[in-house]
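Student: Supplied in structure tokens, the structure appears directly below.
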Amino acid sequence: MITKNLPLTDLHRHLDGNIRTKTILELGQKFGIALPAYDIESLTPHVQIVEAEPSLVAFLSKLDWGVAVLGDLDACRRVAYENVEDALNAQIDYAELRFSPYYMAMKHKLPVAGVVEAVVDGVQAGMRDFGIKANLIGIMSRTFGTDACQQELDAILSQKDHIVAVDLAGDELGQPGERFVSHFKQVRDAGLNVTVHAGEAAGAESMWQAIQELGATRIGHGVKAIHDPKLMDYLAENRIGIESCLTSNFQTSTVDSLANHPLKQFLDHGVLACLNTDDPAVEGIELPYEYEVAAPAAGLSQEQIRQAQINGLELAFISDAEKAELKEKVKDRV
């Protein structure tokens, strides 16, 4: 269960993986895009996981429909704005919304820097209207190669005052982190934090590389750390965060069952792991589900669930003063 008088955070939440079915339908119609169905009920199975059996291929095919309808920069702005409202509706006090501007721009050849600006505008408007605190993490999509990632990074850094970190996501096996060392030197030189998707498709060596060569202080998913005792010790001793996404890891076949997810062992070992959604619209879940259903199914005790919630605030890319402000805001909440 969620501890009400502690801030609830979602630090690993893809803005471009959380596009409402209704929005996909409306934007598809607006831009004359052929969709697999033309009402919400019929469209849902094409854009959201409804199958019981996990499948990475099915997951990714559903993910792509959201960005397929981003026909102009206003559509990107709308999606960013709605993401802030969705976070509010999920009882989240602080969200870090991550997005790949190249992925969002690709289908309709939008200007990548324009996408970043539109997302910043949408999130800032959402914060004003909904009173929730959110920050942005820019993603380099390694799947598209080093040159595309440099273009993406240039666009992200053009709005660096509105972005707290840069992430590397996508094809972990085909595009290993060593190809992006110079990119992340630019990130660190710009004063931004580093989080990297690692130890999801590839093994623990990918996590070592992200930490030691790219400068990651947080790792997205990181499930393969469990196979490397030295890495487990290093994560705990150096307070490297693990952004765990239980339902997502099951739906993408990263783990074969929630019961076999390593999150409980991470927490037992003193690793700073927290609970997050990943792509909530595609998964058909929200953050309360991760706390109330997925975490107990993964074997976490109530005390461990509470610890994961505490870890989420500690790992947030905000100042100690901002963390204290969030704590103060919710301390009397019941």
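Even glycines carry a Cβ here, placed using N, Cα and C.
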Student: Looking at Swiss-Prot, which one out of Asp93, Asp278, Asp320 binds Zn(2+) in the same site as His12, His14, His197?
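Tutor: Of the residues offered, the record points to Asp278.
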Student: Starting from His221 (site 'Important for catalytic activity'), work out which of the recorded positions listed here (His12, His14, Asp16, Gly170, His197, Glu200) have their Cα within 10 Å, and give them in sequence order.
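Tutor: Near His221 (site 'Important for catalytic activity'), where near means Cα within 10 Å, the recorded positions are His12, His197, Glu200.
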Student: With H, G and I counted as helix, E and B as strand and the rest as coil, say where DSSP puts Glu200 (active site, proton donor).
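Tutor: It is coil.
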Student: Given the recorded positions Asp16, Glu200, Asp278, which one has the fewest other C-beta atoms within 10 angstroms of its C-beta?
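Tutor: Selected from the recorded positions Asp16, Glu200, Asp278 on minimum Cβ neighbours within 10 Å: Glu200.
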Student: Specify the nearest of the recorded positions Asp16, Gly170, Glu200 to Asp278 (Zn(2+) binding site), where nearness means the distance between Cα atoms.
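Tutor: Spatially nearest to Asp278 (Zn(2+) binding site) by Cα position is Asp16.
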Student: I need the neighbours of the substrate site defined by His14, Asp16, Gly170, Asp279. Which other residues of that chain put their C-beta within 8 angstroms of the C-beta centroid, in sequence order?
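Tutor: Surrounding the site, in chain order, are Leu15, Gly17, Leu63, Arg98, Phe99, Ser100, Tyr103, Ile139, Ala169, Asp278.
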